[in-house]
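Features as listed in TrEMBL:
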- 148-178: repeat 'PPR' (REPEAT)
- 179-213: repeat 'PPR' (REPEAT)
- 280-314: repeat 'PPR' (REPEAT)
- 315-350: repeat 'PPR' (REPEAT)
- 495-587: domain 'DYW' (DOMAIN)
Amino acid sequence: MTCTRMKPMMDQGTLVAAIKRCTTVRDLETIQAYMIRTNFTQDSFLLSKLIESYAITLPIRQIAHAYKLFSWTHQPNLFMWNTIIRGYSINDLSSLKAIALYKDMHLGGISSNSFTFGFVLKACCNLPRLEEGKMVHSQVLKMGLDYETHVVNGLIKLYTTCGRVDEARALFDEMSERDLVSWSTMVSGYVQNGCSNEALVLFKQMQAQNVKADEFTLASVVGACGDMGALDLGKWVHSYIDKEGIDIDIVLGTSLVDMYSKCGSLDNAIRVFEGMSKRDVMAWSTMIRGCAIHGFGEKALKVFHAMKSANVRPNSVTFTSVLCACSHSGLVKEGCQYFNSMSLEYGITPQIEHYGCMVDLFCRAGLVLRAHKFIQEMPIKPNAVLWRTLLGACKTHGYKELSESITREVLELEPHSAENYVLVSNVYASLGRWSSVSKVRSQMKHKKAKKRRGWSSIEMGFVVHQFVMGDELHPEIKQIYQMLDQMAKKLKQEGHVATTIDVLHDIDEEEKEHALGFHSERLAIAYGLLRLSKDSPIRIVKNLRVCTDCHSVIKLISSVYKRDIIVRDRIRFHHFREGKCSCNDYW
């Protein structure tokens with residue numbers, strides 16, 4: 001629309017229609033000038049529509065212009081307040097202004113309505129600001145608007161964004177009416193906070209109540225399936241998407257590629273990826289990382305070259321995936337070339353995660369001194385993760401003197417991280433220095449650092465069973481321990497001798513062997529042997545790294561029981577078959 005000439009006496013309705021048709025700032029300014037000449041600026045309804053158009057509806061929003069009009073208004077009405085707060089809440093960078101305006105509104109005695117709360121809660125989520133969100137929550141309760149579905153949805157989003165999942169779930173459970181947004185927000189909130197199992201349980205409840213999921217919900221559920229390694233459920237969700245005719249866009253397609261990769265089904269990941277009509281840089285990067293974590297470094301690099309041939313420019317995330325592929329496959333020369341090309345060819349400044357990949361690459365290849373030199377010459381300060389990687393390599397490759405100096409770096413950078421104390425204890429234990437182990441353990445208690453508990457899970461019949469070391473809670477635990485005993489006898493018959501170096505305690509070898517025998521991945525494998533058919537692969541997800549002895553044991557189990565065993569640990573996938581592992585013991 002081009003509003004260059006205005007009829008002399010336009011009424012309110014005509015002006016409202018003209019404002020709605022405006023697509024440029026010039027159009028609106030022409031109407032605004034006409035309103036000033038004809039004294040229509042005293043019409044609060046028209047002024048509200050003008051502010052709304054500047055702040056919300058223009059293709060290129062003009063929030064500063066909207067605010068100027070708003071501030072010139074003698075007594076802004078509720079619609080104006082809501083519009084300007086909404087305008088500022090759209091952008092993360094301006095959300096603080098939205099919260100400030102809400103406070104001004106509240107102090108000025110202007111009563112809020114459910115729309116006000118929805119907009120200011122969005123601003124609180126963008127930042128995020130929990131305390132201000134709690135203040136809004138108290139006002140919602142005070143005004144008796146806690147029955148409004150969209151307001152409660154905003155509160156659920158606030159609490160999940162701020163990591164308060166239990167508070168969000170309490171609100172969700174108390175809702176008298178839930179819409180699709182309620183379910184979707186709670187499911188995605190669980191996933192974002194690492195509660196993938198809870199997300200899957202809630203999704204099943206959602207299905208039981210015949211609530212049809214949308215693309216956003218399904219992307220979250222697919223992500224949860226990937227996190228938990230729930231391949232069967234992930235396949236069911238994929239079939240549900242196909243059956244309902246839901247369009248697999250870039251976001252959902254990328255989620256499916258990621259899910260199949262994380263569930264150990266790389267063939268399905270590739271199939272989905274190749275079937276996508278459009279692929280952005282994130283889709284390509286996800287496929288590269290999928291190949292990388294399965295140990296197919298050369299295949300990952302082929303995907304990277306195909307990406308460049310498709311004229312998709314790699315970004316920082318892409319190079320993290322590429323360097324990860326080189327690290328897991330021992331491609332030192334290629335890794336160095338790609339690292340250098342980041343800045344030289346693409347103008348991307350390497351970040352700490354890229355330096356971390358390079359340190360990991362050198363350490364896995366046994367180039368410990370090169371890794372140490374690389375850290376010392378970094379242009380940015382190394383973090384504890386890099387020092388921890390180097391310390392682990394020193395322990396593996398026997399660099400005793402270097403390891404002692406690095407322990408100080410690790411503990412100084414993260415004095416409250418239990419993982420660091422465990423690793424340092426491990427180093428001293430491997431040297432047989434039990435007094436130093438005891439000292440480190442005392443420091444750990446003094447700093448109140450708690451060790452992250454290891455767990456392993458296995459999916460069976462759409463149910464994810466999770467185990468911890470020495471588990472006693474599973475309903476079939478008696479049969480599982482009987483299977484463990486049977487496994488131990490068969491392994492001894494095959495000549496297995498436990499590798500006890502990773503057991504930290506100053507106890508005798510027999511007790512160490514006993515401790516290793518109850519590691520969570522062995523419990524999960526025992527359950528798989530009990531309940532899965534002989535032609536079904538046993539798929540295990542572990543939140544920590546597989547220890548040296550368990551790696552050896554699982555190789556032997558795959559041979560003795562003639563089973564394919566796929567283990568995804570914190571670092572990568574291990575495909576065990578006929579006594580061999582896909583990592584070639586390079587892990």
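Even glycines carry a Cβ here, placed using N, Cα and C.
Those TrEMBL annotations? Automatic predictions, nothing curated.
With a threshold of 8 Å between CB atoms, the same-chain residues lying at least 6 positions outside the repeat 'PPR' (315-350) that come near it are 281-282, 284-286, 288-289, 291-293, 295-298, 300-301, 304, 307, 357-358, 360-362, 364-365, 367, 571-572, 583, 586.
Outside the repeat 'PPR' (280-314) by six or more residues, the chain places 250, 253-254, 257-258, 260-262, 264, 266, 269-270, 273, 320-322, 324-331, 334, 346, 348, 568, 571-573, 575, 582-583 with a CB less than 8 A from a CB of the stretch. DSSP states for the repeat 'PPR' (179-213), grouped as helix (H, G, I), strand (E, B) and coil, give 26 helix, 0 strand, 9 coil. Here the repeat 'PPR' (148-178) has a mean pLDDT of 97 out of 100. Mapped onto DSSP helix, strand and coil, the repeat 'PPR' (315-350) counts 29 helix, 0 strand, 7 coil. With DSSP classes pooled into helix, strand and coil, the tally for the repeat 'PPR' (148-178) is 23 helix, 0 strand, 8 coil.
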